[in-house]
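Participant: Please find one structure pasted underneath; my questions will follow.
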């Protein structure tokens with residue numbers, strides 16, 4: 001009975017990035033500012049899309065979903081990480097650790113499927129523009145968005161259940177910034193081959209399959225763009241995809257490197273840095289990428305700011 005009780009930890013200790021107090025305070029300030037910019041930027045994008053009727057299109061419907069995923073993903077990790085940077089005892093309860101793994105893994109999976117859906121949207125827009133509104137109708141867009149959320153959540157639920165059924169024995173120190181899948185699996189005091197196979201399979205289904213669909217979409221898109229006779233036409237077609245393509249390159253690269261070969265993957269330090277990239281930088285960069293590289297979004301910002309300036313002038317007089 002005593003041995004059985006030792007197989008379940010009531011809490012875990014997250015080792016984080018550094019044990020130096022001055023470094024932790026500096027990181028707290030940096031990550032807090034970044035998180036605030038992330039939340040503000042993504043909510044402003046969502047609000048802008050809601051306010052401007054010109055942005056009520058499939059592309060911006062999916063962008064709204066992407067912004068919700070980004071801010072939720074950051075929120076599943078960053079607040080707890082900020083609290084631990086200023087805490088002497090960096091403990092996280094068993095249930096909270098499981099919940100964090102479920103939400104972060106689920107939201108990550110949702111984002112990968114959603115990026116593939118957005119690639120299909122861009123494919124239809126460039127390769128079959130005359131039938132775009134017929135193909136990308138509201139019902140299809142809703143079903144594609146629901147598929148993204150359901151597939152990511154179901155995979156995360158499965159991975160969370162099988163991971164937290166592993167006996168951890170006396171291991172409770174997670175050498176990571178959060179309850180990340182590979183970091184938790186490493187705590188197990190039994191053979192984890194079946195878990196590694198499950199991670200590999202889910203990576204193929206929710207990471208490599210969407211990635212291949214994105215790749216096929218952009219092969220068709222680039223082929224169509226190259227057939228356009230006018231330089232202006234090619235430039236306009238490319239600009240419709242530039243923001244999404246930038247996000248795809250940033251988002252898929254390091255995750256494929258991390259999860260396709262979990263047993264012989266990157267070092268623990270590199271895993272931490274990759275997790276920081278996805279939890280802090282990517283959610284902050286996405287709204288900036290779509291704002292700075294997209295004429296429609298910039299036009300919508302100018303319209304809203306103009307209306308706001310006019311309202312302030314009226315109130316002042």
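Glycine residues also receive a Cβ, built from the backbone N, Cα and C atoms like all the rest.
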Participant: For the transmembrane segment entry in TrEMBL, name the matching range from 273-292, 293-312.
Facilitator: 273-292
Participant: Check each of the ranges 3-21, 60-78 against TrEMBL and return the one annotated as transmembrane segment.
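Facilitator: It is 60-78 that TrEMBL describes as transmembrane segment.
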Participant: Taking 3+ C-beta pairs under 8 angstroms (sequence gap of 6 or more) as contact, is the transmembrane segment (197-219) in contact with the transmembrane segment (273-292)?
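Facilitator: Result for the transmembrane segment (197-219) with the transmembrane segment (273-292) is no.
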Participant: Give, as a single whole number between 0 and 100, the mean pLDDT over the domain 'G-protein coupled receptors family 1 profile' (41-290).
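Facilitator: 86, rounded to a whole number.
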